[in-house]
Amino acid sequence: MAEAKTHWLGASLSLILLIFLLATAEAASFQRNQLLQKEPDLRLENVQRFASPEMIRALEYIEKLRQQAHKEESSPDYNPYQGVSVPLQQKENSDLPESSRDSLSEDEWMKILLEALRQAENEPQSSLKENKPYTLNSEKNFPMDMPDDYETQQWPERKLEHMRFPPMYEENSRDNPFKRTNEIVEEQYTPQSLATLESVFQELGKLTGPNNQKRERVDEEQKLYTDDEDDIYKANNIAYEDVVGGEDWNPVEEKIESQTQEEVRDSKENIEKNEQINDEMKRSGQMGLQDEDLRKEGKDQLSEDVSKVIAYLKRLVNAVGSGKSQNGQNGERANRLFEKPLDSQSIYQLIELSRNLQIPPEDLIDMLKTGEKPNASVEPEQELEIPVDLDDISEVDLDHPDLFQNKMLSKNGYSKTPGRAVSEALPDGLSVEDILNLLGMENAANQKPPYFPNQYNREKILPRLPYGPGRAKANQLPKAVWMPDVENRQMAYDNLNDKDQELGEYLARMLVKYPEIMNSNQVKRVPSQGSSEDDLQEENQIEQAIKERLNQHSSQETDKLALVSKRLPVATPKSDDAPNRQYLDEDLLMKVLEYLNQEKAEKGREHIAKRAMENM
């Protein structure tokens, strides 16, 4: 029992001690952790004082290397297993059992530990380097507080003396540094090897002998030839220097050849330069040539048109001078027109009008002429003819006053008024009569009454096709195309009364005196015929008779007469409507100029486009 009690007491005491030790250890560790958290420098110092197990392994490996070095010094013979690389040795050391690791004595272990501790003191940051991963930035591996340079690491002298690092990149058979030197020293030429070398050299000499002799002969011949040439040239140079004064002597043939070559080169260079200059001139002059071509073409066209117009004018002047005009007014007006010299500007205007209006120059001049008639057999002119009854005039005729005038045919079959495609080409508010009035000419419709169905002998006249630059004047239409229409028109106006003629004449004279009833856009001037005193007396009598008749008529009939009078041509003296004509002429002139400018711009663009297409 006593033994059991003592056993329990001992166990209890041991438990108490154990609990006390654990409590003290925990308290100490708690205090230490608090200190380490507050002061990290102290933690580093404590860590650096104790060697890590990796450091101990490294020290063991170093000691083994040292022992191997001592063994190599004692036994210089070659060890084939000595050339194993460092990682293989580390593997072998790691594979060794613990019993072999513990084979070291206690004194050696103490020495190793002391050296490790000294090394840890000298290198305070070595443990941090081993524990932390390696980074590219070397500044982060070394703290800023470190006063010593990393190159001032002091290794033990004994360790530096005895450390032998095996080469990593050589073969295992050459790991021993003494091997090659020993082989070189031990190698010696034997008499057998010397004999073989001599025989090899002799055979090589036999093979290369004849070739060398041939080469030597060729070299000797060349040397002799060059020596002879040098002697000849030296003599020539000496003689030439005496004459010329020290200049190099060259044969005459070489000089001639060099001169000819230089001349050929100069001529080639000059030819190339001239070709380049010509190409540049052609390139620069292409645009100028195009402009010149355009100008020449325009001038040629103008000259052709001018020649045609002048030739036709000459023919007309000759016809006027030879023939006698039945109408005195028309002859006087024609003489006045052709007595004035035509300037170039008016001719160009006539040409532009003939192009833009698509009217031949002959018909355009007929419109400008006053009273010339192409044929001698001309029927006498008739007076103004008015229908018997005013109701017979249809609304179509009233709305289109120029209907009969447009249907008249010229001597060549062209209408003298813009009743065809000409009016479509002209802008609004313009007519051929307005353009001719601007030019200072009188229209043929103003000098001849528009209602003359039998003006010419139509049996002798044939119409002509519309004007075009590519059409021949010989293309003519048959008579049956237009003769029935003319006969119908002639029959329509055969049944006119004398009273209606007198009434029409009187209305025309009244409208001359009172022009305000007429529309300004439809004013058409007809020259008043020169009347004698007898005519004036007759007119006065007619006026009185018509006034009495007008008083008897109702207001409706007077309105109808006024409408008819608007459609009839009116004789307006130049002295009465001079201011109105001035304003009308100015407006019409602006319209004509705008129209001509537009036509010129369009034609110029078309011409340039055609030229560009041709050049392409």
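Numbering starts at 1 and runs along the chain as displayed.
Each residue, glycine too, has its Cβ placed from N, Cα and C.
Here Swiss-Prot flags 1-27 as signal peptide.
Taken from Swiss-Prot, the feature region 'Disordered' covers 68-104 (among others).
For 92-104 (among others), the entry in Swiss-Prot reads compositional bias 'Basic and acidic residues'.
Annotated region 'Disordered' per Swiss-Prot: 120-146 (among others), in sequence order.
Annotation comment: Swiss-Prot describes 122-140 as compositional bias 'Polar residues'.
Per Swiss-Prot, sulfotyrosine is recorded for Y150.
Annotation comment: Swiss-Prot describes S173 (among others) as phosphoserine.
The compositional bias 'Basic and acidic residues' feature in Swiss-Prot is assigned to 255-283 (among others). Counting residues 6+ beyond its ends, the compositional bias 'Basic and acidic residues' (255-283) has no Cβ neighbours under 8 Å in the same chain.
As annotated by Swiss-Prot, region 'Disordered' applies to 255-290 (among others).
Annotation source Swiss-Prot lists phosphoserine at S267 (among others), citing similarity to another entry. There are 10 other Cβ atoms within 10 Å of the Cβ belonging to S267 (phosphoserine).
The phosphoserine annotation in Swiss-Prot covers S431 (among others) and is backed by similarity to another entry.
Sequence annotations record features per position, and here Swiss-Prot assigns phosphoserine to S531 (among others).
Annotated compositional bias 'Basic and acidic residues' per Swiss-Prot: 548-560 (among others), in sequence order.
Swiss-Prot lists 548-582 (among others) with the feature region 'Disordered'.
Here Swiss-Prot flags S554 (among others) as phosphoserine, drawing on similarity to another entry.
Annotation source Swiss-Prot lists phosphoserine at S555 (among others), citing similarity to another entry.
Helix, strand and coil content of the region 'Disordered' (255-290), in residues and according to DSSP, is 36 helix, 0 strand, 0 coil.
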